[in-house]
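Chemist: First, the structure itself, so that you have it in front of you.
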Amino acid sequence: MFKVKTPEEIEIMREGGQKLALVKKELAKMVVPGALPLDIDKKAQEMILSLGGEPSFKKVRGYGWTTCININDGVVHGIPGKKPFNDGDIVKIDVGIFYKGFHNDSAFSLPAGNTSTKNQDFLDAGKEALKKSIAQAIPENRISDISIKMAEIIMRRGYTPVRDLTGHGVGRQLHEQPLIPCFWEGDRGKSPLIPVGATLAIEVIYTQGDPELEITEDGWTIVTQDGKIASLFEETVAVAAEGPQILSA
C-alpha cells in the first residue's frame, strides 16, 4: 500500500519541498482585496519554473492550472479565475511542485484583508489540527491515528471534517496510496501501520457547517452544499525513525 522512499529519494523531496515553501510564501503575500486568483496562479507557475520544477497540477489530465484557488464556500479544486478577492474572503491556495521526479503537495488558507473573530478561530482550528495530526505520523502508528486526531480537534473547536475528500500518499505520483481521511469510524486496528520512509500529504479539510459537498458547473470546483465557509491546510510529510519531517514548509 505504501510506496516507501529511500533516504536519497526523501532528500530530493525535501529539496522540492523547500522550493515549494518559497512559492507559498510569495503567493500568500498576494492574497489581498482586489487581487485576482489568476494572477496568483501565473506567479506560482513562474516561480516553480524558475526554481527548476514543474507544476504538479498541470500533470493531472484535463487540468490546465498551476494552483487550485478556492474562496469561502469553495473547498478544493477551484479554477483560478479573474474575479477579484473581496475584503474578508477566506482564500484557500493548493499548489504542488514536481522536482527531480517527485511531487510535493501543500495548501494553506488565509483571509484577504480583514476577517472576523469567528473566521480567525476557524482558520486557527485548521492549523492546530494539521500540526497535531502530523505529530501522529510516526512509525508503527496507524493512518487512523492521524485521522482520529484531526477530527478530534476540528470537532472540539466546533467545526466539521469533510467525509468525501482525503489526504494521500505522495511521491513519484501526485496521488499515491494510502488515503488519509479527515475522520475515522470503525476499528482503528484495521488501518495500515505507518512505515519509516512513507511520504504523506496530510490534509485537513473542514467546514463551518455540514460536510456535504457538490461539484460546480465547471466540473472541477467542489463547494459546500449549504454554502458555509470551508478551509484547507496541507503539508507533505516524510516519516522518519525519529518522527515526522515536514518537507513542504
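Including glycine, each Cβ sits where the backbone N, Cα and C put it.
TrEMBL: automatically predicted annotations, no manual curation.
The model shown is predicted, which means the values in this text are computed figures rather than measured ones.
Found this in TrEMBL, in case it helps:
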BINDING   H77, H175  substrate binding site
BINDING   D94, D105, E234  divalent metal cation 1 binding site
BINDING   D105, H168, E203, E234  divalent metal cation 2 binding site
DOMAIN    11-239  domain 'Peptidase M24'
Chemist: What are the other residues, in sequence order, whose C-beta lies within 8 angstroms of the center of the C-beta atoms of D105, H168, E203, E234 at the divalent metal cation 2 site?
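Modeler: Near the divalent metal cation 2 site, the remaining chain residues are S106, A107, G167, V170, I180, L200, A201, I202, E235, T236.
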Chemist: Give the sequence-ordered set of same-chain residues, not counting D94, D105, E234, with Cβ within 8 Å of the centre of the Cβ atoms defining the divalent metal cation 1 site.
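Modeler: Output for this site, in sequence order: V95, G96, S106, A107, A201, E203, L232, T236.
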Chemist: Can you tell which of the binding-site residues (D94, D105, E203, E234) has the fewest other C-beta atoms within 10 angstroms of its C-beta?
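Modeler: Each of the binding-site residues D94, D105, E203, E234 was scored; lowest Cβ tally within 10 Å is D94.
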Chemist: Quick check on the binding-site residues: of H77, H168, H175, whose CB has the lowest count of neighbouring CB atoms inside 10 Å?
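Modeler: Among the binding-site residues H77, H168, H175, the lowest count of other Cβ atoms within 10 Å belongs to H175.
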Chemist: Can you name the binding-site residues among H77, H168, H175 whose CA is within 10 A of the CA of D94 (divalent metal cation 1 binding site)?
Modeler: H77
Chemist: Do any of H77, H175, E234 (binding-site residues) have a CA within 10 A of E203 (divalent metal cation 2 binding site), and if so which?
Modeler: E234
Chemist: What whole-number Å value do you get for the CA-CA distance of H175 (substrate binding site) and D105 (divalent metal cation 1 binding site)?
Modeler: 9
Chemist: Over the span of the domain 'Peptidase M24' (11-239), how high is the average pLDDT in this prediction?
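Modeler: Averaged over the domain 'Peptidase M24' (11-239), per-residue pLDDT gives 98.
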